[in-house]
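This report concerns only the one structure given below.
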Amino acid sequence: MAVEEKNSPTGAAMTNTGILVPSSQQSLPEWWTKTQKFFSRENTITPTFGYFRLLFGTQPGKTDIALIVIGTIAGIGAGIPFPLLGILFGELVDDLNSSTCSTTQAPPGGYQAAITTKVLQVIYVSILNFVCMYIHTGCWSMVGERLVRRLRTKYFHSLLRQEIAFTDTLPSGDVTSRLVSDIEVIQAGTSEKVGLFIGTISYFVAAYIVAFLKVATIAAMLMSVVPIYFLMAFGGGHYIKKYSGRISTHINAATSIVSSSLSHMSIVHAFNANARLEALFAQHLVSARMDALKKAITHSIQFGMLYFVAYASNALAFWQGSRMIADLAEGKPSKVSVGAVYTVIFVLLDASFVLSQMAPFMHIFASAASAGDRLMTTIKRQSAIDGTSSEGDSTISLASEEIELQDVTFNYPARPEVPVLQGVSFKIPPNKHTAIVGTSGSGKSTVVALLERLYDPITGCVRVGNRDLKEINVRHLRGSIGLVQQEPNLLDRSILENIAHGLVSSSQEKHKHLLPTLLGPSLSELTEKIRQGASEDEAVTEQGDVVREIVNLTRHAATLSNAIDFINALPDGLATRVGSSGAELSGGQKQRIALARALIRDPPVLLLDEATAALDSTSERLIQAALNKVSENVTTVSIAHRLATAKDADNIIVMQKGRVMEQGTHMDLVARDGVYAGMVRLQNIGKFSSSSSIMTESTQVDANIDRSLTTDTLLNKEEKLSLEQGVLDEKEKPAQLYMPEEADSLPTEPENEKEKPKQTLWATMKGSFPLIRPNILLISLGLITSIMIGVSYTGEAVIFGHTVGSLSVCRGGPSIRSSGMLFGLLFFILAIVKFAAVIVNGAAFGWAAEKTLYRTRVLSLRSLLRQPLEWHNADGRTPGLLVALVTSDASALSSLTGTTIGVLFSTVANLFAGVILSHVIAWKIAVVLLATLPVLLASGVLRLRVMAQYQKKHQKAYAKATAITVESVDNIKSIAAFSLEQEAYSVFNRSLKAPYKSNMKSVLHGNFWLSLAYSISTLVYALAYWWGSQQILAGMYTQVQFFIVLPALLFSTQSCGQMFALVPDISKARIAASNIVDLLSIKHEGDEEYDKTGSKASAKHTDPRFNMLEDKPRDVEAQLITTTPSSFPTKGMGVQFRNVHFRYPSRPNQPALDDLSINISPGQFCALVGPSGSGKSTTFALLEKFYNPASGSIIIDGVDITKQSGAAFRDTIALVPQENVMFEGTVAFNIGLGARPDVEATQEEIEEACRLANIHDTIAALPDGYNTVCSQDGKQFSGGQRQRLSIARALVRKPRLLLLDESTSALDVESEKHVQDALAKVARKTTIVAIAHRLNTIHRADRIFMIEGGRCVDQGTHAELVERCESYRANVIHQSLDA
């Protein structure tokens, strides 16, 4: 069903396919369209045009065109007044020269009237300059804001429509880097600085026009140096762009480590892995540091050469001008006057000075162009499988068509050398149940991905009926399929919105009318009202009938998936937010939500990839019954390792190593006694029982069909349990990707953050000093050269004043020539000195900035990784926001030790030197001119305050948009499978709307003060000439004194204006410093002895937060000598829970553990079983001391850990989590993370652990073996392979206590047997506590604890529980394959 086009925030229309179509494109003139196409072309134009491609290659609309044109015209207009002033000042010089050098006695009143008239003209010109500047800064600020909004939306939209293979090969951290660092760089390079740059160029061109009109000879001589300016500008820009690209690559890798670490803090804490992750992070930063230094030196050489050329050209101008004035003085024919020469020298001197200020802008523009190219590469990329496209057949029905794989071969783009499917052929009959079973990594999930067309086969094809899958519209295909993935991915929305996502692309005609509401804000507004206290019925009624229909469909789907009871038990019900990746829900609860999302669309095809792996057997049985009911006329394809869920399938396909080994019904395959029969023998609980009586009793119970346990009674039991649960049963992950706007950017005490006093500037500076202290020598060198650069302007004023005075025709020709030679030489010497000072200044500050940046980032990450889970889970803290602390905030803070602080100090030095010199030379003139400086400074300070408030207010708002993008890319398979591109795009655009509107208002306010700061110097010129002329005519001072004081003060005021252009950078640095100091000021448990990087705090530096960091961090991925125990410990840990009560901070009204008491003896193998959400994983979270219980004791080896500080006890505990996490790094590094904190695992120990986990052969078969790089979250490995890698990581620790949370849920039966055998080897030497829903995993346990509603309701051996525990016995019956 077509959807009405709606204007997107980018000024474009979005069709129902999600494709953006510029709304104003057809009305644009042809010349503009051609220009746009020219600048949009890839690889056909030189890098010089990269900046113009950034401006014009993103489909700007009419408003953007108007803003660019008006801003450009106003920028050009802003540059013209200054050369006009040169003409007026030249005429004033002629008047002054006439009054002091004339042989005739003219009345002073005549000179004064002429001077006053010209001063009034200067005031008119200054008003024109202010108007032009305000217009061009405002227009270009809006251009920049609108451009980055278009880039954000286009980049996000492009990411959404790319095929999964693209995101698989996307460098980790790339998306975060693009939307945080690159967007900031682009905004800096396309806003008000563009107008200032245009004004500079306009000034330069106008100055030369005036110069040619006045004295063409001097102008022509100086014109020859213009190419040198552009050679240095663009040549330096090329190398800056080159080094920026290299730096970006290293920073992306480092950002990925930060992002994955902050997203999986439970793993970081469980293995005390913060030191190793910090060291790997530091390695990437060190790699980036040398390129950053080269970039800084290139920039300083570029800047220094511009100064050198400017000053050298002035030396040439003075020399040539002196010769021409000497000829005039000697009576030779000449049309040149002293005022004309002064005009040329003045405007070209000033133009050269202003042009030399262009270098920082060139650096900013080059960086913006480089960042734009990186974004445009993705934006322009054509997707091989575009889920938003309207191409392909949208009429075919999958309800009655046979699906067939024909000789399919496939390998993942991330590992092209590893075959996944090899000649796979089989048929999936319509309206039948086809089950696919096999070993981990055999290609089962890949088949599902091909059926969804997330990938295309390398060879062969997938057919639906007689049509190739490639001929069918992708959106229509995916809309006809309900998918439940092996690892269910939920978006950070409410439960209602997550389930309703299944309706977005539904192929059912009855759902089409719901689409506009699903894509709009209605559901989010509904859930927000419910969370604020409104009843669901009231809120639904207010939203209308369509929303009510969606809610009813959602409730029905949740009932089918056995999720409705735990949803109703939650305080906010369907409005409950699930958190980042569903972190607020247990694994079983997430799986039921994902199943509801698939069932709500009533699809003709169901793809179930381990859809019930995280569920207990009772829940699985209930859901299986519901699936059997809804799939009567549905084509169902299921992947399962629990063969009990596959045995009733119409056809079972057995796969191994990417090939189909056999297929048939359960009975047929068992009768063949082949691969499948072997799997059955391995998995059947009874045949593995150590007690024959257990199997006998179980069979007898099954024979009697246990009529007391009907589906209805089981459902009632489940409802009762669920109403008692409704709580988290997962180790909490970092908080939601969305962030409340009222939350502080970095609260340290969430419960009273509103009362937290605002940090003063002095406190921020004091807190930042330890970060800067190690680089004090470099900074001192930079400050000295900055002072030299600032004082050089005063030296220039002295030379200038004496030169102008020496050009008076009152002096003889020889005197004028010798003075011109002398002062020209002095100017050339000044050029050499300034060139050297600028290079040293840039290198010193550049190196100091990079070292400060390295130190700040490492210390920030260290502090973040040491915070407890409860801190990370507080409202207002999201992985995306915390990543920004380490990346953007650290970078902003480091600018205070880089070029920003250099410009600031040179400006201050210039100001003080100019003021002092002026008072020494002519204090009466200086005092009057100095009175204008507070006005200039006040305008700059006011702009600083405006920008600081604006920056702080909207820092979080754009972080939210970035977090949405990162979340979407992380969950791209779910978004593609359910065609949620439009929904994600709509949410993203809504997140941009508020900050965009506010930013546009801030533009008008902030740029008023910037324009005033720049323009007020012209008024100072007017006052200077008027007052100076008064003093000269009165005989108080000479022309030489006046022309020393004038440039000394006016260069100072111009420098202040330039300094205020850096106000946004200073504002960002101030806020960033406050955030980082807040972070580093948090006291940590065990601060007095903490130092995980291997260096204890010295007596001099006792604060561990600021321990000296190694410039060359250790290579954590290299093989090191180890002191890890060579064998497993001889004795396990004893564990006791005594009357433990606990509630998660995010759910204070829901008990997670309710008076839990269990006792585990050293060396025992114990198991925790029970329904999903009963509190099993919570026990592990408390055992690891991620949280402290509300009451009760947790005793490990006789020590109550709730009363102990620190977490040293974790050193001998290993955890295998329910969701297996890989970090950026090699396979060896990921497994080595499990080693104890004070040692490194050897290669032999890593391989031994992998053999125990049955993953060694898989790793060895990879081209790079153990050096294979894992992408973020290990996307290139299958679920079962990641699970075995997690087990290896735990075993390499040689723990005394091993915690297994569903550690074999994603394993095939053969791999599971290998792991069970490995665990048997370490049993009795290690205490093992396992959470499992597969009873064959734990039926040999020494003791099994039944956990229900946060309590232990029964315990005993397998045989004892089968005999007396009804729910346990029901699970055994359900999982038995003998039935």
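Quick reminder: no glycine exception, Cβ is built from N, Cα and C everywhere.
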If you look at how Swiss-Prot annotates this chain, which of 272-292, 881-901 comes out as transmembrane segment?
881-901
Looking at Swiss-Prot, which of N97, N1159 is flagged as N-linked glycosylation site?
N97
Check for me, if you would, whether the transmembrane segment (193-213) reaches the transmembrane segment (65-85) - at least 3 Cβ pairs under 8 Å, residues 6 or more apart in sequence.
yes
Among 119-139, 301-321, 781-801, 820-840, stretch most in contact with the transmembrane segment (65-85) (C-beta, under 8 angstroms):
119-139
Look at the binding-site residues K444, K1176 and tell me which residue has the greatest number of other C-beta atoms within 10 angstroms of its C-beta.
K1176
When the Cα-Cα distance from G438 (ATP binding site) is computed for each of the glycosylation sites N552, N633, N989, which gives the smallest value?
N633
C-alpha spacing of S440 (ATP binding site) relative to N552 (N-linked glycosylation site), in angstrom:
39
List, by number or range, the same-chain residues at least 6 past the transmembrane segment (215-235) whose CB is under 8 A from its CB atoms?
48, 208, 302, 305-306, 309, 312-313, 316-317, 320-321, 324, 336, 340-341, 343-345, 348, 355, 358-359, 362
Work through the recorded positions one by one (N552, N989, S1174) and point out the residue whose CB has the fewest other CB atoms within 10 angstroms.
N552
Among the binding-site residues G438, G1170, point out the residue whose Cβ has the most other Cβ atoms within 10 Å, with all shown protein chains included in the count.
G1170
Please classify the secondary structure at S1174 (ATP binding site) using three-state DSSP.
coil
In whole Å, how far does the CA atom of S1174 (ATP binding site) lie from that of N633 (N-linked glycosylation site)?
35
Using Cα coordinates, what distance in whole Å links K444 (ATP binding site) and N633 (N-linked glycosylation site)?
23
Would you please pick out, from the recorded positions S440, S442, N633, S1172, the one with the fewest other Cβ atoms within 10 Å of its Cβ?
N633
